[in-house]
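Contents: one structure, followed by commentary.
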């Protein structure tokens, strides 16, 4: 790993100037020679299988292919470390420098950066206050643009001219009687470069700030023009704040990434497989060299212009293949991967390699429903648990004196001896694990559970925590992480355990709510059969007797029965007495719709029967047991 001499607080991404890009790749050799510019499209010599000098894999620019050995073989071994071969100019050093040494291509004509030209917001168009359509006409050589109108009153600054309009104007300018002078008209990225370079950031920002103080009268619905001015003001202020020049959005130097990040490998049949980026760089160098040659021989303007357009398209495809124009495809009709394709998306450099690193003590498997689990539990497959907790198991085996060393412990683990599962059960007791389902969109996307060993290879998940994870059981996968330190375990238990996260952080509403089959089951258990209302002639002395009658099939789950109940009944909604009866012993029996109550002479309740079903008794019993 590279060690930095200087500490830093943050990384800032900003526009790079042409001199900055050159400084990334330029190095001065001890003999005073400056290397870093790639001028040849060749990669390797197919006869010697060595990189071509000044090519895309040049050892003089990027460093040696073999450790401590120069290109020509004059210097070999570590003792020549730091020596630069006077014959081939290669520095004797480690080959891993080819992973970070860069180079550059000096362009014969400037080109625009496609990200700033054709992005979601075209920053070049915004900076110049032009439409994207007009900008593309200029860049791709369809229209001319006025850079300086001179003293000709019919021309305006940044006005677009078609080819025939410019030819007519040229005829006027070339005539001897013409008194028009100072006109400057351009086309292509060179014209855009001049327009961007002409922007006086300080003055333009001050003018836009004054205009921002006088917004349109309909302030609630500002015009599109006003919004665009505000966006332009923000952009130019950012240029001022970062010290960047808008003209840097037009490239005159292309950086070349290190060769080991775009490798070329030999296959079994003698053929070579190469990274797609090499093809893009090769096209750019070929077109660039051809353009330089055409300029040198003073070729006609139309030919040079066509070559500039082709160079622009080659650079566009390197930056973002297919963003504009025809997609460059490889030998097997597959679109070549550009720099944007390598960086962006789920499989890109950021999400796949930088944010999505593999970590130890973690696993992944399909989830299945575990309705018999407690809310704070999850079912962990035995094989996975043994692999995740292996260091803990080995430590416990040695502590208990069952083995003497780690090697012996690993052997009995491989043999799946019974003692291993006993020790594993002891190890996981009280040790929470973290379950995570991607994408983790809020803090409830990762929660802690106590693991329960289960057979099979699927992780069992309590159905009530599914809404928090946005999980379902149609093939979803979840990751398991083991908190190792005592601090991490305590945090998982106190803050991240599933029962501690039953409110949604977004709304404050409960997120652990029964749904679907649970609601249907509760409804089915507590409903009654309307047809059996007239046949509710069964009386039971207590709740257990009613359940026993249900188990012996004397009553159904939904049959209405009368059960003696001594507890408090909250039935304020139905207090209307249907009938009242005076008994021989002086007691009074009052019959309500769902209760029969017997009172003594003093008005005290003697006995109470409630009308219910076996299903409701079961439901009440389950809730009561869970609360106790």
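Cβ coordinates come from backbone N, Cα and C, glycine included.
So that you can see what the record holds, here are the features copied from Swiss-Prot:
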| type | residues | note |
| --- | --- | --- |
| BINDING | 70, 72, 85, 88 | Zn(2+) binding site |
| BINDING | 472, 474, 476 | Mg(2+) binding site |
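Comparing Cα positions, residue 472 (Mg(2+) binding site) lies closest to 70 out of the binding-site residues 70, 72, 85, 88. Considering only the binding-site residues 472, 474, 476, the Cβ with the fewest other Cβ atoms within 10 Å is that of 474. Spatially, by CA atoms, the binding-site residues 70, 72, 85, 88 include one closest to residue 474 (Mg(2+) binding site), and that is 70. Counting in whole angstrom, residue 85 (Zn(2+) binding site) lies 59 from residue 476 (Mg(2+) binding site) by their C-alpha atoms. There are 16 other CB atoms within 10 A of the CB of residue 88 (Zn(2+) binding site), with all protein chains counted. Separating the Cα atoms of residue 476 (Mg(2+) binding site) and residue 72 (Zn(2+) binding site) is a whole-number distance of 57 Å. Take the binding-site residues 70, 72, 85: by the count of other Cβ atoms within 10 Å of each Cβ, the lowest one is 72. Listed in chain order, the extra residues whose Cβ falls within 8 Å of the Cβ center of the Mg(2+) site residues 472, 474, 476 are 367, 471, 473, 475. Listed in chain order, the residues near the Zn(2+) site other than 70, 72, 85, 88 are 59, 71, 73, 74, 75, 87, 89, 90, each with its Cβ within 8 Å of the site Cβ centroid.
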